[in-house]
Amino acid sequence: MPEEMDKPLISLHLVDSDSSLAKVPDEAPKVGILGSGDFARSLATRLVGSGFKVVVGSRNPKRTARLFPSAAQVTFQEEAVSSPEVIFVAVFREHYSSLCSLSDQLAGKILVDVSNPTEQEHLQHRESNAEYLASLFPTCTVVKAFNVISAWTLQAGPRDGNRQVPICGDQPEAKRAVSEMALAMGFMPVDMGSLASAWEVEAMPLRLLPAWKVPTLLALGLFVCFYAYNFVRDVLQPYVQESQNKFFKLPVSVVNTTLPCVAYVLLSLVYLPGVLAAALQLRRGTKYQRFPDWLDHWLQHRKQIGLLSFFCAALHALYSFCLPLRRAHRYDLVNLAVKQVLANKSHLWVEEEVWRMEIYLSLGVLALGTLSLLAVTSLPSIANSLNWREFSFVQSSLGFVALVLSTLHTLTYGWTRAFEESRYKFYLPPTFTLTLLVPCVVILAKALFLLPCISRRLARIRRGWERESTIKFTLPTDHALAEKTSHV
């Protein structure tokens, strides 16, 4: 284990062979680093490659010197803090007290705290690591920075990872110096204010997909509900009433029946809050009143809900491709062939069923293709290359087309099954009839908002008109242009 811990995170061969990480001249700006861990090694490598002269302070420089790039000077901590004006403190919070013996040499210098607490420590301590470091060294200027950047991102530089570096501190000159260093290293500094903001900055790396929690719980809840419903209809009912064991359907067949239901409902929930927001604006007669908190949060989570809808739809397509590979499907084909022979039927063809299958498969492929476009354009690299009109056209117009195609796909799949008594197992309606409720409401509401008497009023409200205002307001001549200026 000790031998494995001594292995460098960054290959020295790569460091010495990379021309961008060559030795820097003596007149280069000097930067100090206290610490010899993985982050300190990556930081030293990036600083050397950015043209800085790096001095690393270690308690055992002989053992750790070979782990750093050859251009970095590794020495004792007392010598490392003597000349640099900016010193990175790359040690954990519990080791801050071991640096108190250097307080005289550190007086007047800029200390850059790059540490991160654990989730338990973050909740336990009232003050941030940076504020605690500032209390131990009152004669120094402490700046919080680079704590959201991983060792790998530092190693890769601006070619990979998130380039934004939140920076906070009480001295503008110190923040400016650290910001210039971040720019020289290929990152984008973001001023987060005073050192009191360090607690919030340190919480950033601890967050685990905060915007995805509610949509994920929603998708899981829908999946569990529809899965239980399909289990009762497709597995439990034949077992209870017909003594047929169909529990083999649970891993694939029931899952494949559940996934499109979840995807369809999630897609409708992407556009339902926009309908509710438009109805609320029409009722209030103004756009200057805030939406309720629940609606505001719903609107902010539409992207995540839409991506989960696409994920479920893609899984449904994959599961559908796997259906013919099942052994149960092969047995069904053999049994059907035997029944056809026993019935002395040489030709089995139902024109209505053939057309229904062809149509609903085609509509399903079109819906999935449209959803794929929505998913691709939601990527930041693609979304940033589109102007507002292009982005709103894809996400709003094409998204609504995807919802309509999904509705037609569901209707052609169901066909006349909703009116057949045999489909109501345990007096429960077919699953697809339950999924149609919310999407049909959204489609009908969207169609209602397209009526001229409503669309013109909504367009005026979104351009600043208020029902209670006495100021006269007229739409521009190009009404179509006015409608495209705002989308909810």
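Every residue, even glycine, has its Cβ placed from backbone N, Cα and C.
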T258 / E390 share membrane side in Swiss-Prot: no
Candidate set T412, T470, T474, residue annotated phosphothreonine in Swiss-Prot: T474
Among S11, S36, S50, residue with annotation phosphoserine (source: Swiss-Prot): S11
Swiss-Prot annotation, phosphoserine - which of S20, S58, S385: S20
Annotation match for phosphoserine in Swiss-Prot, from S17, S101, S253, S381: S17
Tertiary contacts of the topological domain 'Vesicular' (229-258), as residues 6+ beyond its ends and Cβ separation under 8 Å: 223, 316, 319-320, 322-323, 326, 328, 425-426, 428, 430-431, 434
Residues from the same chain, set at least six apart from the ends of the topological domain 'Vesicular' (412-433), whose C-beta lies under 8 A from its own: 226, 229-230, 232-233, 236-237, 257, 261, 356, 359-360, 363
Fewest other C-beta atoms within 10 angstroms, as judged across S36, S97, Q281, S378, Q395, which are the binding-site residues: S97
V91 (NADP(+) binding site) in three-state DSSP notation: coil
Cβ neighbour count within 10 Å of R302 (FAD binding site): 19
In three-state DSSP terms, the structure that S378 (FAD binding site) belongs to: coil
Of the binding-site residues listed as S58, N116, Y229, Q395, the one whose CA lies nearest the CA of H316 (heme b binding site): Y229
